[in-house]
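**Q** Let me give you the structure first, and then I'll get to my questions.
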Amino acid sequence: MGDERPHYYGKHGRQRPPGCTDIICCIFLLLAIVGYVAVGIIAWTHGDPRKVIYPTDSRGEFCGQKGTKNENKPHLFYFNIVKCASPLVLLEFQCPTPQICVEKCPDRYLTYLNARSSRDFEYYKQFCVPGFKDNKGVAEVLRDGDCPAVLIPSKPLARRCFPAIHAHKGVLMVGNETTYEDGHGSRKNITDLVEGAKKANGVLEARQLAMRIFEDYTVSWYWIIIGLVIAMAMSLLFIILLRFLAGIMVWVMIIMVILVLGYGIFHCYMEYSRLRGEAGSDVSLVDLGFQTDFRVYLHLRQTWLAFMIILSILEVIIILLLIFLRKRILIAIALIKEASRAVGYVMCSLLYPLVTFFLLCLCIAYWASTAVFLSTSNEAVYKIFDDSSCSLTAKTCNPETFPSSNESRLCPNARCQFAFYGGESGYHRALLGLQIFNAFMFFWLANFVLALGQVTLAGAFASYYWALRKPDDLPAFPLFSAFGRALRYHTGSLAFGALILAIVQIIRVILEYLDQRLKAAENKFAKCLMTCLKCCFWCLEKFIKFLNRNAYIMIAIYGTNFCTSARNAFFLLMRNIIRVAVLDKVTDFLFLLGKLLIVGSVGILAFFFFTHRIRIVQDTAPPLNYYWVPILTVIVGSYLIAHGFFSVYGMCVDTLFLCFCEDLERNDGSQERPYFMSPELRDILLKGSAEEGKRAEAEE
């Protein structure tokens, strides 16, 4: 290692030209991208997203699609929804009952027998198969599946008609009925329908909740954007103030976080006291159960007590950490000051997360569109359905030739109807593999984009550290220079690190899939083994992310390949493990407090505004179904915005820390081998290192 010198190591910051690293991995990445594009083209050629948007009737025709005969029939109607509870649905992904496209779902209870002898027959016929002619007897119509035996009041859900089941005084009802006629003259309890529709009704409640949330977004989106802009302004202001007042800002941030949490505890206590004696406020959360209207929970004393306990625990933990880490915080503040200077000289680095976000959006969009086209590139498969015992059931058939085929004669009651989308060709058999490849390439490219951002930022900040005369020796455009070097020389190394992480991530996805499949099994050993594997690979992913991050910093400093950089970074951290524990985690803790300060401030402001506690000029908060919807949106969005700004600082601190460790090992502060760190950073860090060393010797 004695002959290796950083790119930025040299008089007046002159750089040693780097060489290309991990060329084989670069070639593999390019070939994989070409294959990924080919998969996308094949999927787009064979896929049909209409299969996801529009429901399909028994003939494989889309409902509600423009330009077809079902253009004005957007809903799918099931003749007998009870049969959807059949195990055959799990195998064939299609209910074994005739399905037709209808203009509207049934809005009344009516049997075929009663409708035929009344004026409602014209209404009833629109729910029969297309082209139905009343030239058969009742038994023949029901046997051939030309018309449903009974119509039940239904509601559309995802363009499909499901029974409108509800409870009235503890009795299950459909419309105003508690029983229905099965078409053979006998009446049955509505409970028989629940097995076929209970899942639909659960989804219906979820749909109603989703619609209310959507309504809240439509009336509050303007104020949500204003809240996010405020969060962005606060984050930017905080970063700018760190540039000039790092020490003061850190202590102000710590005090503000303590005060914000203290106010939260006080507010929870006041609400807890206010509800004392109110009717129903002493009901426990367990007794209340899950409610879609979350405002109900705010009327319970137990809710505010839980909030108060959680905030109190956080307050105590933060205060204890500050007491025990007070000296180390001073060292971390010095490193943050140095990072503030580096960010100040490379201000455009604060905007680089937008580039990463844009590239990640491209990866997500390509992956999602390819997945949709792959999942819809199957062909319509028709199979024989028969309620009686027929040996030909589930065999493939052709709906055009089925009436005159030998199968129809062997099974007179059988029907040839659309079953699912599939195929028997090699392409269709390879669809699962293509989906796995699609997911794997998404992980690989997404990790590559993140790695590119880390190397770019690390290269820009390393150029600041290794400049002997700051800022005179800095390159004109350090961020763009680092970005160009990363793409030109180190694409293979970035691809190598991203590949390792992608392999672990795709294994975790497969384990999650297998875990879902094994949930119904009672094998405790298999469940225990699966849990252990998931835990191990989760830990492995976290370790690889940590190692990759530091390896990318070493790549930016030395231009070595990925394996060499990872090895050097790991042993460098191990040789400075005390400094890692002191500085890295403390600075992460301080940055977390900064994020909490911004998120907490904006969240409190959003809470007071959307609960009508405050008004902005003449405007007031819009009426909402759930005021927690915009509040949570603002809080999550504020955290993501603050994380984007502070991630630049985090990368800067990590880069400067590794550069500092390298500087200490390679230089001694003499005129021949001067330190590249600033005098302020040298005084604080070397003093802190000496104290840590004395403490370690005393313990021995």
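Placed from the backbone N, Cα and C atoms, the Cβ positions cover glycine too.
Unlike curated records, TrEMBL annotations are generated automatically.
As listed in TrEMBL for this protein:
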- 21-44: transmembrane segment (TRANSMEM)
- 221-241: transmembrane segment (TRANSMEM)
- 248-266: transmembrane segment (TRANSMEM)
- 304-325: transmembrane segment (TRANSMEM)
- 345-368: transmembrane segment (TRANSMEM)
- 441-468: transmembrane segment (TRANSMEM)
- 489-511: transmembrane segment (TRANSMEM)
- 551-574: transmembrane segment (TRANSMEM)
- 586-610: transmembrane segment (TRANSMEM)
- 626-646: transmembrane segment (TRANSMEM)
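Describe the structural context of these features.
**A** Proximity of distant same-chain residues to the transmembrane segment (345-368), defined by a Cβ-Cβ separation under 8 Å and at least 6 residues beyond the stretch ends, is recorded for 40, 236, 239, 438-439, 441-442, 445-446, 449-450, 452-453, 456-457, 460-461, 464, 470-471, 474, 478-479, 644-645, 647-648, 652.
Packing against the transmembrane segment (626-646) from elsewhere in the chain are residues 212-213, 216-217, 220, 223-224, 227-228, 231-232, 234-236, 238-239, 293-295, 350, 353-354, 357, 591, 594-595, 598-599, 602-603, 606-607, 610-611: each is 6 or more residues past its ends and has a CB under 8 Å from a CB in it.
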**Q** Restricting to the same chain and to residues at least six past its boundaries, which positions have a Cβ under 8 Å from a Cβ of the transmembrane segment (221-241)?
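**A** Result: 249, 253, 343, 350, 594, 597-599, 601-602, 605-606, 609-610, 621-622, 630, 633-634, 637-638, 641-642, 644-646, 649.
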**Q** When you scan the chain for residues with a C-beta under 8 Å from the transmembrane segment (586-610), skipping those not six or more beyond its ends, what do you find?
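**A** For the transmembrane segment (586-610), the list is 220, 223, 227, 230-231, 234-235, 238, 250, 253-254, 256-257, 260-261, 263-264, 318, 321, 325, 328-329, 331-333, 335-336, 616, 621, 624, 627, 630-631, 634-635, 638-639, 641-643, 646, 649-650, 653.
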